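Everything on this sheet refers to the single structure shown next.
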Amino acid sequence: MPAFRSRTSTHGRNMAGARGLWRATGVKDSDFGKPIIAIVNSFTQFVPGHVHLKDLGQLVAREVEAAGGIAKEFNTIAVDDGIAMGHDGMLYSLPSRELIADSVEYMVNAHCADAMVCISNCDKITPGMLMAAMRLNIPAVFVSGGPMEAGKVTLGDGRTVKMDLIDAMVAAADEKVSDDDLTRIEQAACPTCGSCSGMFTANSMNCLTEALGLSLPGNGSTLATHAYRKELFLEAGRRAVELCRRYYEQEDEGVLPRAIATKEAFENAMALDIAMGGSTNTVLHILAAAQEGGVDFTMDDIDALSRRVPCLCKVAPNKADVHIEDVHRAGGIMSILGELDRGGLLHRDTRTVHAPTLGAAIDQWDIGRSNAPEARELFLAAPGGVPTQVAFSQSSTWDTLDTDRETGVIRSVATPFSKDGGLAVLKGNLAPDGCIVKTAGVDESILVFAGPAKVFESQDAAVYGILNGGVQAGDVVVIRYEGPKGGPGMQEMLYPTSYLKSKGLGKACALITDGRFSGGTSGLSIGHASPEAASGGPIGLVREGDRIEIDIPNRTITLAVPEAELAARRAEQDAKGWKPAGPRKRKVSQALKVYAQFASSADKGAVRVLPE
């Protein structure tokens, strides 16, 4: 059987010094020989999704030690995309994913840990830890901090509405919203700790870990504030020790991340993503994680899935009054997976960290087929309605579960929100390697759209143009040189899309970029155009007034310019160099320049590609 990795630093005469250091951390003589479980935490006071994680690492650690392991905690960085949004801080968000993956690898390999519990939550942290887990391929269990409760606000006209962070951003640019109402919205938008309350990137990724088989049922939807979430943390600690012993003592390689997150598991995760209209950022992260694990999963696989998986769930920003807490009441991710399973759209035989197969897990936890009391109790967990930064601080329950699969929050394959799924891959001469649109957030009236290009060389220029009347109904806004290399860092375009909404252009314009979008974006917003402009992509050839044609049903995006003209433009651009037409007021640090040097385009997950 394989020896514990940790024996490298705990056994043998030559490790006397290392054992001395282990003892200085609290390890006792009787502990040597036990598996060392790394508790990979991401606590920070900068991020509401992580502000409550400070003591949760030690909560897991105590459970690990009670189960017979040695627990050792360390932290990763965590960037709050909402706070970093709209300024140069956003340049650092996507590159932080690689730093997180690297830091986990560095700590785990340097100290020879045997397994991991990954305590993540927000946008780049779950993907970074997922990449590390696939790279390291040691037993790993994911448990996230959980979603925030949705905000509720009573406006000056007496209306009480549910809302979230994106509503605050849109309201800020809407001149019809009074200062008093804006203050009310701002104060109510983010009432508790946790990842922002819609189906944004953080919650999307935490939901996908359930489909991948690397987290426990309820991980994606149980509120950060609810007492039931505590059991997920405790069980994660116990499971990590169990998986560790199964691998090292029983030679069960089926518990390793690459045996669990196979190509079929990635297909399950993307089927879920498409069915629930998840953030387009998930495409980047799923592609990156697959590459780390040597899984042959590409944009073509995502395209194929998007053509046969329907949209079964719409959550903010795609449906303003529905939030993750409502998905939870409807049975959470296990019930969406259950509906996909009934429709023959799921691989049931993939493994998980908690059940022999995903199918077995669905049979136990899908409220549409299971009468298990533990499932009913879990999904009755409701918001407490009290602002707090304290985890597990309330135990409110819904009166009833939402089991309506015809008109409820989660629909059946027979009665979907739409036959087409919530994400689509478009290709054409404007994006030969593909681009992504969240169709769940696109109004049916603009699924086919054409208009003249309004070209901006940066997000900042686009924001200025939108706010100052430079964009009109019918325009196709093009924002380029914002890709992984060109930004660098592939900024999110949440402010341009939010400002289009606030100007009443949300259903009257399209936006295309080689950058990316926040999970909070909706509208005809097409991102990840590949290749990016800085890599010679055709988006760099678009000129003001060029006609751009978008056909989502047929999955095409076309720059309606003759090929001879495009060839002439390419020759001209080759001579000039692929860079913005004018200088940008943007300071690019050495750290970002290093990232840009090795970053691939979005269709490859924006991972680093090293020279051979």
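Cβ atoms here come from the backbone N, Cα and C positions, even for glycine.
What Swiss-Prot records for the Mg(2+) site is D123, K124, E492, and among D81, D88, D164 the residue it adds there is D81.
Highest Cβ count within 10 Å among the binding-site residues C122, C196: C196. For E492 (Mg(2+) binding site), the nearest of the recorded positions C122, C196, S518 in terms of C-alpha separation is S518. Around D123 (Mg(2+) binding site), the same-chain residues at least 6 positions away in sequence with a Cβ under 8 Å from its Cβ are V79, D81, S93, F200, T201, A202, M205, N281, G519. Counting Cβ atoms from all protein chains shown, D81 (Mg(2+) binding site) has 28 others lying within 10 Å of its own Cβ. Each residue contributes its Cα atom, and for S518 (active site, proton acceptor) and C196 ([2Fe-2S] cluster binding site) these two points are 12 Å apart. Compute the center of the Cβ atoms of D81, D123, K124, E492, which mark the site for Mg(2+); besides them, the chain residues with Cβ within 8 Å of that center are V79, A84, M90, S93, L94, C122, T201, A202, N281, S518. A separation of roughly 14 Å, to the nearest angstrom, links the Cα atoms of C196 ([2Fe-2S] cluster binding site) and K124 (Mg(2+) binding site).
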